[in-house]
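**Student:** Relevant sequence annotations retrieved from Swiss-Prot are reproduced here:
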type	residues	note
REGION	1-104	region 'N-domain'
BINDING	Asp34, Asp86, Glu158, Glu160	Mg(2+) 1 binding site
BINDING	Arg47, Arg70, Glu158, Gly231, Asp233	DNA binding site
REGION	122-253	region 'I-domain'
BINDING	Asp179, Asp181, Asp233	Mg(2+) 2 binding site
REGION	341-349	region 'Interaction with PCNA'
REGION	360-395	region 'Disordered'
COMPBIAS	360-389	compositional bias 'Basic and acidic residues'
Amino acid sequence: MGIKHLYQIIQENAPDAVKAGEIKNHFGRKVAIDASMSIYSFLIAVRSDGQQLTSETGETTSHLMGMFYRTLRIVDNGIKPVYVFDGAPPKLKSGELAKRFMRKSEAAEAHEEAKEVGTAEEVEKFSRRTVRVTREHNEECKKLLKLMGVPYIDAPTEAEAQCAVLARAGKVYAAASEDMDTLCFDSPILLRHLTFSEQRKEPILEIHLDRVLEGLDMDRKQFVDLCILLGCDYLDPIPKVGPNTALKLIRDHGSLEQVVEAIKSDPKKKYTIPEDWPYKEARELFFDPDVRKADHPDCDFKWEAPDVEGLVKFLVEEKAFSEDRVRNAAARLQKNLKTAQQSRLEGFFKPIAKTEQEKAVLKRKHEEKLELQKKKKKEDAKAKKEAKSKPRGTT
């Protein structure tokens, strides 16, 4: 699920933190990819009749098709991926997972009903909601990656948290996931849309955490508190607290402890905190997740030459993929994994930290930019109001 409305807040308050670019801009970089999130996106890539891709025997192959060809595209562009798979979810997440399961059960019933009486759009909508990544999907994707020579890691719990560890240690350039909570786990850089298909023509979004914190004028603890208030995988949001209110509450009070105190002591009782709302435990999961350290043996990974005959046996003989396409893809994989060994020039230079004076100048510029945006918004609203109040036919 990730963090509700976080990207919107970053766009509005820290636009300089987001850089949109092409996949080829990341040539020569190593990237840790959230495997479970990627597999889910492959599974919902359904056909027009609302069905997943399957083999001749009826086995689902959407996850393998996506993993094979999207990974190939990544490697074609000189990127070296390492996939990270989810382990057991934290106990605090069980409530959210139970709700997801309930929603999927309800969607399955609605899907059956839509097939009988609904439109094609309704069938597809409910079909997407019933999708679930199974252990079998994960195991088949791991088998495929091994045959491709692409490394993977099993995280103890959350894949995003393990990706963040690798990024902080410099073992990879960035963590790649669609889940914005990757930033809460302290990943310096988050890449979004990396595993999207080329046909979607979505730019790769590169989000820098230090610029997010600078733009929001928050430290990491306040940022995590904001994300919890927005609604995360561990806790429901507080009813009636939207993104703008959440941001204002953290800015006004500085921490969730103070926000909770202010809400409870408000005589108007504008907001009600849910009875079971263990925000301190949720915060602890972001600050101290169950992860393997970057120097752990399980976090040692390397890229190997693909096992071409193994790929043919698995994808062609067992899953009915086209042999010509698989062999051609394996040849590209072999060639491009070698090309990706080339280093980027930036790897030879260390970034110079900004001085306090430079930080102050940047902060002032950012505040001036926000003031101009607010002023323009007010002027636009005023002009709109005046235009509405004018009788029709006048100029």
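Cβ coordinates come from backbone N, Cα and C, glycine included.
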**Student:** If the Mg(2+) 1 site is taken as the center of the Cβ atoms of Asp34, Asp86, Glu158, Glu160, which further residues of that chain fall within 8 Å of it by their Cβ?
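**Tutor:** What remains near the Cβ centre is Ser36, Met37, Val84, Ala155, Thr157, Ala159, Ala161, Gln162, Cys163, Ser177, Asp179, Thr182.
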**Student:** Sorted by position, what residues of the same chain at least six away from Arg70 (DNA binding site) have a C-beta under 8 A from it?
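**Tutor:** Listed in sequence order, they are Ser38, Phe42, Thr195, Phe196, Ser197.
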**Student:** Do any residues of this chain, six or more beyond the ends of the compositional bias 'Basic and acidic residues' (360-389), have a C-beta under 8 angstroms from a C-beta of it, and if so which?
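**Tutor:** For the compositional bias 'Basic and acidic residues' (360-389), the list is 13-14, 16, 214-215, 217, 354.
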**Student:** For the region 'I-domain' (122-253), what's the model's average pLDDT?
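**Tutor:** Taking every residue of the region 'I-domain' (122-253) together, the mean pLDDT is 91.
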**Student:** Which has the fewest other CB atoms in a 10 Å radius around its CB: Asp34, Asp181, the listed binding-site residues?
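**Tutor:** Output over binding-site residues Asp34, Asp181: least Cβ neighbours within 10 Å is Asp181.
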**Student:** Do any residues at least six apart in sequence from Asp86 (Mg(2+) 1 binding site), in the same chain, have a Cβ closer than 8 Å to its Cβ, and if so which, in order?
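**Tutor:** Ala35, Ser36, Ala155, Thr157, Glu158, Ala159 - these are the non-local Cβ neighbours of Asp86 (Mg(2+) 1 binding site), listed in sequence order.
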**Student:** To the nearest whole angstrom, state the Cα distance for the pair Gly231 (DNA binding site) and Glu160 (Mg(2+) 1 binding site).
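**Tutor:** Checking the Cα atoms of Gly231 (DNA binding site) and Glu160 (Mg(2+) 1 binding site) gives a distance of 17 Å.
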**Student:** Roughly how many Å separate the Cα of Asp179 (Mg(2+) 2 binding site) from that of Glu160 (Mg(2+) 1 binding site), to the nearest whole number?
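**Tutor:** The separation of the Cα atoms works out to 8 Å.
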**Student:** Just to be sure I understand, if DSSP states are collapsed into helix, strand and coil, how many residues of the compositional bias 'Basic and acidic residues' (360-389) fall in each?
**Tutor:** 30 helix, 0 strand, 0 coil
